[in-house]
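Reviewing the structure listed below.
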């Protein structure tokens, strides 16, 4: 493995690992806040137990997310010094603000986790909400920094020099809103389906049914609302990408040839050499419609982009298809759930509905990883779109492959331990959180 | 505005040494506690740092963000040439943070606790050690941006006696801060006496390694003694540190007020940091051949520094009151009530 590929793999691994924990860290506090609120209002202990059970999970995920985030702030310099030398002062604004948001989050989490029975209950509740809000703000700021790499703004690039730096303009670049919106909704959908799926599984196994049924409802509702909103936000994102990064859109859609009434390709195997997609389903004019809202305007294809400026088509296309496919499945489940809630109350007790949620447990996070792959691989060969190439940004230090192997081992072991801890939390529910209603 | 940013950078480093250091020290103390007292020490430490440990480590993030936004050339030079110790330190941070949380939040308390404990104490040693190595290397004058071979470019900048002794010195300081801190966190006289003894041992270790740092500097041709003693502020800071150390020992023996003891220890470490940094101001990294990376010359453009300063000021308005309230709410007298 050469050093450049190793550096890219290590960065992808670190971000792919961190993204899961940060999604959970920013969404779970909202689920807890709802349960906590219901406890304070109703005095029903089951809500308190749910809040406490979730907060244990959050502590584990938050700590893992915090350390993996710390690692990332160093890895930017360790792996991409040439990039950070120039980009740091331009896109650093969201990071400096994120430092504050993250700090507030850590303080509020200290109050929340250790505050049971110590403070006024509404103060305690608010600290939990602050954890969620500051987590969400952190997420938005970090995504704004990533958006700058896709849509560089706030400087003039003259003869290889970065002049007239304006960090505020850089932060509010063209892509920040659509990317942040898409990421936040994705976080709610992914975390919601993951948590709801685990509780659904426990209900199907007839363990602590009252506890798990109550716990299931909160994430399920959040997840389903997010799943319905996500295609709309995806549409905003796609139109935005088409305008700013035609190469990325062409790779996502495996759209090789610029032509009137550009077709939408579903599935299929892109062949970059023959410049065609095999076995895909083509719907004529639909891509044009999705990008320009009319069926005839041609969408820029890869044939209009110089060969050495093209992203890897196959990976981008597959990742995009996976993301959209899973998004559609989650949308379907969400619609079923809403029908059940509004029209067919009897469905709520049907095992098949719960089974759908069990199947959907990992889907949100797979979609998040796929979407992340689309935005990062789809930007290649650029690290700053159109300004700096990724290959020019990498560290001169040799032997990064070894560092990548060790990081891989560390992150795999951490994932295993976190899974193991989560399994233990769930197994201990009857003993710690739900003593009244024993398993059947 | 550049001076605001510099002040924040210095304050973040200082607070990381004091708060993060005491936090690391908790693990170091646990490592050097006899088997039969380990559980008690661990619980006392946990009570004291549980709610605040995440916040203690935020100072490192603040410092690193200030560096990469405001002083990108300094950040990238250091992260390129000190890549290896930085990565080891990062593994230490991962291992320590997760082991600390896992051992508390594992729903089943079984033999896994031993695994978490072991990871926690060893990483509590390794992480500050490499932080010290990195800090030592930054001023050792061994970083050579023009080096072409692997050893000179990526290994010798940090693998030298000076950096290594600074590493051990840092570990001892962390243990010392933690021991001083924990004296005030215990209620019974027996453990108080034990922690006072621990504080003295750690203080002696710091003194020994401090002397070794001077020896190593001499051996490596680094004019450390000159840096410390050829300017009035440095001399005053060192005298202040020595005087406060004397007062601290006196108070430890006389069972003085813990708050004064803590302030003295904090003051002492502040003076040491001041003495080290003031001499080279505004230079922060000393490169091979007497070249420097300066906070003034290698700062980002004016608008960047301006918005960074604004972000820091805004941040401290939000953070500091909340942080003080957190520390206040979970102080020992309050913990004891619950």
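Easy rule for this one: first residue shown is 1, then count along the chain.
Placed from the backbone N, Cα and C atoms, the Cβ positions cover glycine too.
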- Per TrEMBL record, range annotated transmembrane segment [choices A:216-233, A:234-251]: A:216-233
- Given the ranges A:12-38, A:255-281, which one is assigned the annotation transmembrane segment in TrEMBL? A:12-38
- Query: Under TrEMBL, which of the candidate ranges A:155-179, A:180-204 is annotated transmembrane segment?
  - Reply: A:180-204
- Kindly say whether the transmembrane segment (A:180-204) and the transmembrane segment (A:12-38) touch, using the definition of 3 or more Cβ pairs under 8 Å where each pair is 6 or more positions apart. yes
- Among A:58-80, A:100-117, A:129-149, A:318-340, A:402-423, stretch most in contact with the transmembrane segment (A:216-233) (C-beta, under 8 angstroms): A:318-340
- Spell out yes or no: are there three or more C-beta pairs under 8 angstroms between the transmembrane segment (A:402-423) and the transmembrane segment (A:12-38), with each pair 6 or more apart in sequence? yes
- What same-chain residues lie close to the transmembrane segment (A:318-340): Cβ under 8 Å, and 6 or more beyond its ends? 189, 193, 220, 223-225, 227-228, 230-231, 234, 252-253, 266-267, 347-348, 353, 356-357, 360, 363-364, 366-367, 370-371, 373-374, 377-378
- Message: How about long-range neighbours of the transmembrane segment (A:100-117): same chain, 6 or more residues beyond its ends, C-beta under 8 Å?
- Response: 25, 29, 52, 55, 58-59, 62, 66, 69, 123-124, 127-128, 130-131, 134-135, 137-138, 141
